[in-house]
Each structure stands twice: as structure tokens, then as C-alpha cells.
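Report on the structure given below.
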Amino acid sequence: MPKNSKVTQREHSSEHVTESVADLLALEEPVDYKQSVLNVAGEAGGKQKAVEEELDAEDRPAWNSKLQYILAQIGFSVGLGNIWRFPYLCQKNGGGAYLVPYLVLLTIIGVPLFFLELAVGQRIRRGSIGVWHYVCPRLGGIGFSSCIVCLFVGLYYNVIIGWSIFYFFKSFQYPLPWSECPVIRNGTMAVVEAECEKSSATTYFWYREALDISNSISESGGLNWKMTLCLLVAWSIVGMAVVKGIQSSGKLDKMLDPQVWREAATQVFFALGLGFGGVIAFSSYNKQDNNCHFDAALVSFINFFTSVLATLVVFAVLGFKANIMNEKCVVENAEKILGYLNSNVLSRALIPPHVNFSHLTTKDYSEMYKVIKTVKEDHFSALGLDPCLLEDELDKSVQGTGLAFIAFTEAMTHFPASPFWSVMFFLMLINLGLGSMIGTMAGITTPIIDTFKVPKEMFTVGCCVFAFFVGLLFVQRSGNYFVTMFDDYSATLPLTVIVILENVAVAWIYGTKKFMQELTEMLGFRPYRFYFYMWKFVSPLCMAVLTTASIIQLGVTPPGYSAWIKEEAAERYLYFPNWAMALLITLIVVATLPIPVVFVLRHFHLLSDGSNTLSVSYKKGRMMKDISNLEENDETRFILSKVPSEAPSPMPTHRSYLGPGSTSPLENSGNPNGRYGSGYLLAGTPESEL
């Protein structure tokens with residue numbers, strides 16, 4: 001560039017650049033578009049901000065390899081829900097029949113929206129706040145809502161990791177501490193703990209030794225110091241991992257039930273991490289020519305395959321446990337029958353001659369049970385005999401924490417070398433949980449750091465400390481009930497709203513055709529038309545129907561939770577009290593409030609969308625630009641092409657910028673004034689290719 005040029009002179013002065021774009025370019029040597037940088041910046045005084053954002057984009061951390069990125073996305077999407085929620089839903093909703101609605105919704109909602117989030121994150125290279133502000137400023141609140149939902153989920157999710165840490169350290173002993181009921185000694189008397197005797201050893205250990213749970217959500221019971229320490233350890237691990245950076249993550253009736261489809265949709269959202277912002281955050285560290293279409297298909301397949309594999313393992317373990325418990329039932333009831341025979345309550349004539357009490361099989365007991373029930377029909381209930389059916393044991397399905405901390409622990413007590421298997425199991429849970437937590441934290445830290453330029457280490461540590469103290473709510477004796485509230489209700493509805501609006505922002509406001517064209521330029525090939533129709537019509541319609549069904553379901557069936565009643569040593573379903581319902585509604589409102597607030601503020605121009613100035617500046621040979629004065633009816637920002645010859649140039653008709661080997665855009669465009677009527681296109685770096 002000539003030393004006496006106006007631009008060079010202005011570069012070393014504070015004077016405002018007043019020349020037109022045409023005048024500036026007329027005096028300059030041809031610029032290699034591959035070395036230029038374009039930035040869409042904000043309001044007056046935005047030139048310095050634009051420069052800082054471009055330099056920040058160039059210094060943005062990147063994945064060391066494609067494998068590292070894929071493993072990080074898998075770690076985020078494959079979490080604890082794959083191990084306990086998916087198998088429970090399969091068992092609850094008809095076994096293999098549940099896979100039909102799940103696969104349908106995965107195909108028409110899950111994969112298309114997962115691809116969409118990967119694509120916008122990779123293209124725009126910002127977190128969720130920056131991405132949705134860029135796509136549609138009036139819907140910029142989507143990003144803030146995503147951060148709040150991530151916070152809600154992270155608060156209780158790390159508590160579950162803390163539970164896993166507690167069980168992990170308790171596994172280094174033989175026999176396992178939950179293998180037998182505790183015995184209370186009173187002088188020469190030894191009595192089994194009544195609560196444990198009424199339930200089981202594993203159930204007692206979970207509710208009393210681990211959680212020391214209260215009878216209801218209204219009884220706080222104070223802090224559980226053991227779980228408080230475990231929560232501190234969990235947040236310390238998550239904090240160190242996030243501070244270190246992105247490299248650290250690496251039956252037919254049933255099928256027609258609307259409830260089944262609603263639960264399947266919720267599982268799809270949680271399984272793939274849609275709407276949390278973690279997917280966008282991870283993909284924003286990719287190069288722009290990365291094949292995110294392949295990534296979406298691969299991660300979705302691995303996630304589904306992992307869920308199915310986990311379900312098979314869970315069913316095998318639960319089947320093993322059911323057989324063990326059924327045999328135990330037969331032995332206990334056989335002893336009762338022998339007692340009745342010895343006391344002449346029952347006649348030995350009722351016992352089939354081939355039955356041998358020393359080697360009593362399940363089939364023999366069943367036959368004996370039917371005979372006694374038929375003969376003693378009037379007084380049978382007083383005998384207290386159980387049918388000991390294997391089907392009944394299998395139907396005692398548990399979900400979530402109950403599956404991991406009751407059913408699995410019960411099964412492991414019967415394994416050879418049980419402490420080893422227990423250590424491995426809970427180590428797996430900790431790793432799965434941490435992978436998802438790192439992605440969840442990225443959904444909070446990445447957009448905030450990108451938008452407000454706060455120091456990463458300080459902000460991350462501050463988030464973890466804040467979350468730990470708020471998380472003390474979940475390590476009270478009533479904490480498990482709050483986990484249920486947050487897991488089942490407070491995050492689900494806002495998350496669905498966020499995903500719907502993401503789809504609408506891209507497909508209906510930004511424009512599906514425009515977005516498909518941008519993907520073609522970014523990927524080097526045109527995605528299947530399947531995605532066009534899914535994004536434009538099918539996915540938003542299905543999600544709207546499912547959201548309506550969820551709201552109706554909440555109205556018909558008031559929210560509640562399963563409470564453990566100590567005196568009964570059994571669970572009882574209770575409805576949330578009024579204050580808990582108020583808290584629940586508040587959480588849902590807080591999570592969704594940023595969306596209408598940002599919309600109103602920007603609609604009435606109370607909050608700038610960064611489009612009120614036009615400035616051109618140079619910085620070390622780089623050209624920066626603020627697109628401004630957009631037409632009032634154009635609420636989107638065009639993700640600019642990285643191929644100059646394919647982009648409409650808004651330059652005056654007498655002059656246009658020509659990149660190397662490119663032809664005049666005016667000769668290829670029917671709109672000589674360009675898309676917005678002002679500005680120009682230079683491309684090269686990841687940010688300028690937006």
C-alpha cells in the first residue's frame with residue numbers, strides 16, 4: 001500500500017475516515033481477499049471493538065484433531081441419561097416398541113436440529129448468545145435462555161456426580177456396605193434395622209446412609225455433610241477441567257400413546273444436548289471447512305447405539321437381579337410354609353409328593369402356591385404368602401437414581417469380586433457425568449466470554465463457586481426432591497421452547513434457502529433436501545404439538561415427586577406444595593424471560609442490535625467494516641460468502657472490488673445495489689467468512 005495514501009495516513013491518526021468506499025479502494029493496491037478480515041460490529045465507536053473481535057477470532061482456541069472434537073461431542077451427548085433414563089423408558093413403554101417413536105423423532109427432529117446447531121456454531125464461530133444475535137437480533141434472548149437452562153441443569157447434574165463419587169469411594173471394601181442390613185445391638189440382643197428389614201439393604205443404604213432423606217420436600221432436615229463434601233469435589237473437578245480448556249473434554253398401543261411420544265422427544269433433546277448451547281460452543285472451535293454434516297450423523301448414531309447397548313446391559317443386569325430376588329422370595333416363602341406345616345396350620349396333603357424342600361425350584365413353589373391358594377381360599381391372605389413371579393420382579397422398574405444406586409448396586413452384590421465391579425461402574429458414571437458437565441459448562445462460559453470479554457479463568461472459577469453454594473439446596477436431606485423438580489420440570493419446558501425458536505430463527509426468519517446456500521459454500525457440497533423440509537416444516541410443527549401436549553399434561557396431572565417415608569420404608573407419590581409450585585413456575589419463567597425481554601427491547605430500539613453506524617477502518621493491512629442502516633424489515637444478518645465471485649457487491653456501479661481471479665459481482669447479480677445497499681465483501685479468516 002502506498003505510504004502517502006489517505007488510508008495509510010489515517011491508520012496513524014485519530015481522524016475519522018470520511019471518504020467513500022469507492023474513493024478508498026481507488027487509491028489502494030489490489031488486496032488479496034484471502035488475507036482480509038471482515039467484521040460485523042456494533043454501534044458508534046465500534047471500530048476498536050471490531051478490531052478486537054477479529055483478533056480474538058484469530059486467537060480462538062481450536063481442536064487439536066477431528067477425533068478430539070468428535071469425542072468431546074460424544075462425551076457431551078452421551079451422559080447419565082443413556083444409562084438410566086433410556087432403559088427405563090424402554091421398559092415402561094413397551095420394550096422394543098418404544099424404539100419406534102424414538103427413532104422417528106430422532107430422524108425428524110434430533111438429527112436435523114443437531115446438524116443445525118453444529119452448522120451455525122461452526123459458521124459463526126461464537127457461543128449461543130453471539131450466534132442467535134447474529135442470526136436474528138430480536139431473538140438474541142435465545143442465547144441467554146440457553147445459558148440459564150445450562151445453569152439449572154448443571155446445578156443438579158453435578159449433585160448426581162457427587163453421589164457417584166460417594167459410592168465410588170464406598171466401593172473399596174469387602175463386603176460392599178450395601179450388601180447387608182445393619183444390625184442394632186442392645187446388650188445381648190441383636191436386631192436388624194427395621195427400615196432396612198421392611199425394604200432391602202441397597203434401598204436402605206441409598207435413602208438412609210447416602211441421602212439420609214427426609215419424608216417430604218417441606219422438611220429440609222439440614223445439610224448432609226457427606227454429600228456436601230462430594231459436591232465440592234465434583235465442582236472442583238469440573239472447574240479445573242473447564243479452565244484447562246476445550247482439550248480436556250475430549251407394543252402398538254403403547255406406540256400410539258401421546259405420552260410415549262412426548263417422553264421420546266424429551267429424551268431426544270437431552271440425549272443430543274439440543275438447546276443447551278454446548279453443541280454450538282464445541283462446534284464454534286472448528287475450522288469452517290469441517291464436514292459438520294458427517295459429524296451430526298456420526299454423533300447421533302453413536303448416541304443411539306450407546307443407548308441401545310446400555311439398555312441391553314441394563315436389561316441383562318435387571319434380569320439377573322430379578323432371578324436372584326425371585327429365588328430369595330421362594331426360599332423365604334418356603335420357610336413360611338414349613339412353619340405352617342410344623343404347626344399344623346397347613347396339611348401335608350396339600351404339598352405335591354414330588355416337591356423337595358431341600359431343592360425347591362421356582363416351578364415347584366408355583367405349583368404348591370396354587371394348590372394352597374385354591375384350598376385355603378377363605379384364609380389365604382392371612383398366610384402372607386407371595387406368588388414369587390419373575391414377571392413381578394421385572395416389572396419393578398426404576399428410573400434415574402433408583403436404577404443406578406438401588407437396582408445396579410443390588411445386582412453387583414451378587415457378582416464375584418463385587419467391589420471391583422462396583423468401582424468400575426461408578427467410575428464409568430463419574431466419567432459420563434463429567435463429559436456432559438464440561439459440555440454444559442461450555443454452554444455457559446463460551447457465550448458469556450465471547451460476548452462480554454471477561455477473563456476465562458476468573459469467570460469459570462466464579463461460576464463453579466456460585467454453583468456450589470446454590471447447589472447446597474440439593475444436598476439437604478430433602479435435596480433429592482429438588483433434583484426431581486429441576487430434572488423433570490424446570491428445564492424440560494424451557495428447553496423445548498428454545499429448540500423451537502432456534503429452528504424458527506434459522507428456517508423462517510433467516511431463511512432456509514439462504515442457510516442451505518451458506519452450508520453449500522461452507523461444506524463444499526449441498527446438504528440433502530431432506531433437511532430443508534425438516535427445518536422448514538416438519539420439525540417445528542412436531543415440536544409445537546409436543547410442547548402443547550406437555551403443557552396439557554402438566555395441567556391434567558399436577559407435578560409431584562416420589563417421597564421416601566421412613567416409617568413405612570416405602571415410596572409414596574406426593575404433589576408439590578404451593579410454595580414449591582411457585583418456585584417451579586418461577587424457574588420456568590426465569591429460563592424463558594430473556595427471549596421476550598430482548599425481543600421487546602430491540603423492537604422498540606431500547607437495545608442496540610449493532611446496526612446503527614457505518615465505518616471503514618484499516619488495521620495492519622486488514623479491512624474492517626460495520627454493516628449498518630439495515631432496512632427496517634430486514635431483521636437478519638447475512639452470513640457472507642467466502643467466495644467473492646458468488647457474493648452480490650453493494651459497491652457503486654462505477655467501481656467494484658475484484659478479488660484474485662474473480663469477476664465483477666455486478667456482472668453476476670441482478671441487484672446492483674447489493675443486499676443492503678452499502679458495503680463490500682472481503683473474506684479470508686474464520687470470522688470474515690461469516
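Any Cβ shown, glycine's included, is placed from N, Cα and C.
Bear in mind that the values here come from a model prediction, so they are computed numbers and not experimental data.
Per TrEMBL, these features apply:
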type     : residues                                    : note
TRANSMEM : 69-87                                       : transmembrane segment
BINDING  : Gly75, Val78, Asn82, Asn303, Leu432, Ser436 : Na(+) binding site
TRANSMEM : 99-120                                      : transmembrane segment
TRANSMEM : 141-169                                     : transmembrane segment
TRANSMEM : 264-285                                     : transmembrane segment
TRANSMEM : 297-318                                     : transmembrane segment
TRANSMEM : 423-446                                     : transmembrane segment
TRANSMEM : 458-477                                     : transmembrane segment
TRANSMEM : 489-510                                     : transmembrane segment
TRANSMEM : 530-556                                     : transmembrane segment
TRANSMEM : 576-601                                     : transmembrane segment
REGION   : 643-690                                     : region 'Disordered'
COMPBIAS : 661-672                                     : compositional bias 'Polar residues'
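When each of the listed stretches 69-87, 141-169, 264-285, 530-556 is scored by C-beta pairs under 8 angstroms to the transmembrane segment (99-120), 264-285 comes out highest. Long-range contacts of the transmembrane segment (489-510) within the same chain: residues 113, 116-117, 120, 132, 135-136, 139, 142, 145-146, 148-149, 152-153, 265-266, 269-270, 274-276, 535-536, 539-540, 543-544, 546-547, 550-551, 554, 559, 584, 587-588, 591-592, 595, 635-636, each at least 6 residues beyond the stretch ends and with a Cβ under 8 Å from a Cβ of the stretch. Looking at 69-87, 264-285, 423-446, the range that has the most CB pairs within less than 8 A of the transmembrane segment (141-169) turns out to be 423-446.
As a quick check, the transmembrane segment (69-87) and the transmembrane segment (423-446) clear the bar of 3 or more Cβ pairs under 8 A, pairs 6 or more apart, so the two touch. For the transmembrane segment (458-477), the residues of the chain that approach it from at least six positions outside its boundaries are 151, 154-156, 158-159, 162, 211-214, 219-224, 227-228, 231-232, 235-236, 238-239, 242-243, 441, 444-445, 448-449, 483, judged by C-beta separation under 8 angstroms. Around the Cβ of Val78 (Na(+) binding site), the number of neighbouring Cβ atoms within 10 Å comes to 24. Spatially, the transmembrane segment (423-446) is adjacent to the transmembrane segment (264-285); three or more Cβ-Cβ distances between them are under 8 Å for residues at least 6 apart in sequence. Counting only residues at least six positions away in the same chain, the Cβ atoms of Ile74, Ser77, Val78, Asn82, Ala271, Leu272 sit under 8 Å from the Cβ of Asn303 (Na(+) binding site). Counting every protein chain shown, 20 other Cβ atoms lie within 10 Å of the Cβ of Gly75 (Na(+) binding site). Long-range neighbours of the transmembrane segment (297-318) within the same chain, counting only residues 6 or more positions beyond its ends whose Cβ lies under 8 Å from a Cβ of the stretch, are 70, 73-74, 77-78, 82-84, 86-87, 90-91, 99, 103, 106, 110-111, 114-115, 271-272, 394, 397, 403, 407-408, 411. Residue environment of Ser436 (Na(+) binding site) contains 29 other Cβ atoms, counted within 10 Å of its Cβ in all protein chains. The Cβ of Leu432 (Na(+) binding site) lies under 8 Å from the Cβ of Gly75, Val78, Gly79, Leu80, Asn82, Ile83, each of these being in the same chain and 6 or more residues away along the sequence. Other Cβ atoms within 10 Å of the Cβ of Asn82 (Na(+) binding site) number 24 in total over all chains. Sitting within 8 Å of the Cβ centre of Gly75, Val78, Asn82, Asn303, Leu432, Ser436, and not among those site residues for Na(+), are the Cβ atoms of Ile74, Phe76, Ser77, Gly79, Leu80, Gly81, Ala271, Thr306, Gly435.
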